[in-house]
């Protein structure tokens, strides 16, 4: 190949982000989002100036919802970028988890803003400043109009999915109870209020309503503390709305199995285990890869005579209805037939006339042997079938060379022996040999005839 002496330096982080932004901006669908983002930045600047001029912390808390709208627009751009990108060797499952991370970060930042408002409100209760209502109502309607227009004009796929899949907030539950009562009187409103309202639209309307009440109480009675109370209410509503979404997106990032699909997965796995040739389904793991995308892996043990491709096709067909990204590992039954293993034996061992193999037992101490049976006298010794020191296993056999060519020789010389050798071995007259060949255990017992215990002749 070509040798490049001077390679181009790798792109910096800013260069990579610029390249990816140009990739997203090339799509015409993202132009609308970029336009709304520019208008959002202008509105945020105006609202922050009006918050400073009115000295209203309630309007500041409501402005944080506009900042959250900017985060949602960025999340929508990331969603478009994910749709353009294809899986790579580094990200084999694709880039869908980036939009999950964007939703999680947006909701957590909104909750941090709510906590900051609560902290500032606690300080204002000690020393309540004067609130100017000149631009308070104007800022409220500008923020409400822009928030609703953004939420209803931009189709934000990640937040739309999370708002439906996550559990309901306490604000949605209270509004749902009120909506049932209203729909009982006016049934035509059931399509708007039921089954549950959009949480983002609901918090925008509730925050604007709290600011309107604050404006009226300050104009009528100069009751400035209501501004702090409205800020606390908006912060609590923001925290209660964003918390279920943070929990749901956090569980997706932790690769947990969604609770609403556990029953369906168990049913599919039972069906897979009853397929022809399948013996066992084990090591199954299913998790949420992205919003609405389920991934999983499973090991399937099959019979030795089963067709692997056929079983793989059936298993994939059953699970693919619920799991879009699936990895199935097929392996056959791993049982092994018992076989007799032989150990090679030396040729000289098999020549019986030349050698005699006598297995010798392991030697024990003299105090552990019974003088009668020559076996261990310990009552706690294990039975022979559980003994690990049995003769022939841990002791090498003793091989004795045979000097005779006869197969029945046991090491003794055959033939007639001279009488003198017999006497030398102590096999002659009793008491004449110095070293007897066969002796008893009683050395000082007197003979029956001849001498007494002191060696004197009997009378």
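Glycine residues also receive a Cβ, built from the backbone N, Cα and C atoms like all the rest.
TrEMBL annotations: computationally assigned, not manually curated.
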Of the residue ranges 7-28, 95-116, the one that TrEMBL records as transmembrane segment: 95-116
Range among 200-218, 257-275, 276-294 that TrEMBL annotates as transmembrane segment: 200-218
Annotated transmembrane segment segment (source TrEMBL; candidates 224-243, 304-323): 224-243
Annotated range (TrEMBL: region 'Disordered') out of 370-390, 391-411, 412-432: 370-390
Segment proximity, the transmembrane segment (224-243) to the transmembrane segment (95-116), 3 or more C-beta pairs under 8 Å: yes
Beyond the flanks of the transmembrane segment (62-83) by at least 6 residues, Cβ under 8 Å: 20, 23-24, 27, 29-30, 33-34, 36-37, 40-41, 43-44, 47-48, 51, 94-96, 98-99, 102-103, 105-106, 109-110, 113-114, 117, 139-140, 143, 146-147, 150-151, 154-159, 203-204, 207-208, 211, 234, 238
Chain residues in Cβ proximity to the transmembrane segment (31-50) (below 8 Å; excluding those fewer than six residues from its ends, i.e. six or more beyond): 25, 59-60, 63, 66-67, 69-70, 73-74, 76-77, 80, 135-136, 138-139, 142-143, 146, 150, 153-154
For the transmembrane segment (200-218), distant same-chain residues with Cβ under 8 A (at least six beyond the ends): 56, 58-59, 61-62, 65, 131, 133, 136-137, 140-141, 143-144, 147-148, 151-152, 159, 163, 171-172, 175, 224, 226-227, 230, 233-234, 237-238, 241
